[in-house]
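Undergrad: Below you'll find the structure I mean.
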Amino acid sequence: MMKKIDVKILDPRIGKDFPLPTYATPGSAGLDLRACLDSAVELAPGETQLLPTGLAIHIADTDLAAVILPRSGLGHKHGVVLGNLVGLIDSDYQGQLMVSVWNRGQKSFTIEPGERIAQMVFVPVVQAEFNLVEEFDSSERGAGGFGHSGRH
């Protein structure tokens, strides 16, 4: 299913020097987001930085949201992940998409202008209304928490 999302280009290099986000393959769930930097940024071990993407989106549809996720290669090969682990973009947000990057690795890592730093996935949203109860109907699991359902 393809859904149209309004996007505003905030950095004139997007569409010229840096491509617009696209799906890499027909089966891709995420669109790559790029660092819209004027110069390279060095991330020391343990350091976080907030990087602009040069894009703003307005999802508008309250049945959708977007999540910003790490790119697997950056995390696995270089220890660079998202500083907030997952970014949530609500349907009514209209500001620039920013990416918090965190170097959890042991070596400094340099992020170049236009480098792919995260991916964005659109997800369905269900808003819940709470129904206050004194007790729950019993279930097989009950209140068993972490590790309760077994190891295998």
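Along the chain as shown, residues are numbered 1 onward.
Quick reminder: no glycine exception, Cβ is built from N, Cα and C everywhere.
From Swiss-Prot, for reference:
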type	residues	note
BINDING	Arg71, Ser72, Gly73, Asn84, Leu88, Ile89, Asp90, Met98	substrate binding site
Undergrad: Under DSSP, is Asp90 (substrate binding site) helix, strand or coil?
TA: coil
Undergrad: Near Ser72 (substrate binding site), how many other Cβ atoms are within 10 Å of its Cβ?
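TA: That number is 11.
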Undergrad: With the substrate site defined by the record as Arg71, Ser72, Gly73, Asn84, Leu88, Ile89, Asp90, Met98, how many Å span the farthest pair of C-alpha atoms?
TA: 26
Undergrad: Would you identify which of the binding-site residues Leu88, Ile89, Met98 has the most other C-beta atoms lying within 10 angstroms of its C-beta?
TA: Ile89
Undergrad: DSSP on Asn84 (substrate binding site), three-state: which is it?
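TA: For Asn84 (substrate binding site) - judged by DSSP and reduced to three states - the answer is coil.
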